[in-house]
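Features of the protein shown, as given by Swiss-Prot:
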DISULFID  CYS41-CYS77  disulfide bond
DISULFID  CYS51-CYS66  disulfide bond
DISULFID  CYS67-CYS92  disulfide bond
DISULFID  CYS79-CYS99  disulfide bond
SIGNAL    1-30  signal peptide
Amino acid sequence: MASVKSSSSSSSSSFISLLLLILLVIVLQSQVIECQPQQSCTASLTGLNVCAPFLVPGSPTASTECCNAVQSINHDCMCNTMRIAAQIPAQCNLPPLSCSAN
């Protein structure tokens, strides 16, 4: 029975990670990002696709390509995108995400 719960918890974590990645892509495509220039911000964030495997619980450490993509993003661009993404649950009439460190 414990293995079923563990599997369910792992599946939930994987689903949440995948959902967050999808939400980030949606934000990139549908929201105006307050970055100058916008095209540069969008292109940089699109480059984060190489980080997708790292978002799944139990995955290995981030690849060199992922780290390089994150390093190349403008600070304001990343912060504005995270701020916009955090608003999505409320805009969809969902409760805010509450994530633990575990």
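Every residue, even glycine, has its Cβ placed from backbone N, Cα and C.
In this structure, the disulfide-bonded residues under consideration are CYS66, CYS77, CYS79, and the one with the smallest number of other Cβ atoms within 10 Å of its Cβ is CYS79. Under the DSSP three-state reduction, CYS99 (disulfide bond) is assigned to coil, being neither helix nor strand. Long-range C-beta contacts of CYS92 (disulfide bond), restricted to its own chain and to partners at least six residues apart, with a cutoff below 8 Å, are absent. Cβ neighbour density within 10 Å is lowest for CYS99 among the disulfide-bonded residues CYS41, CYS51, CYS67, CYS99.
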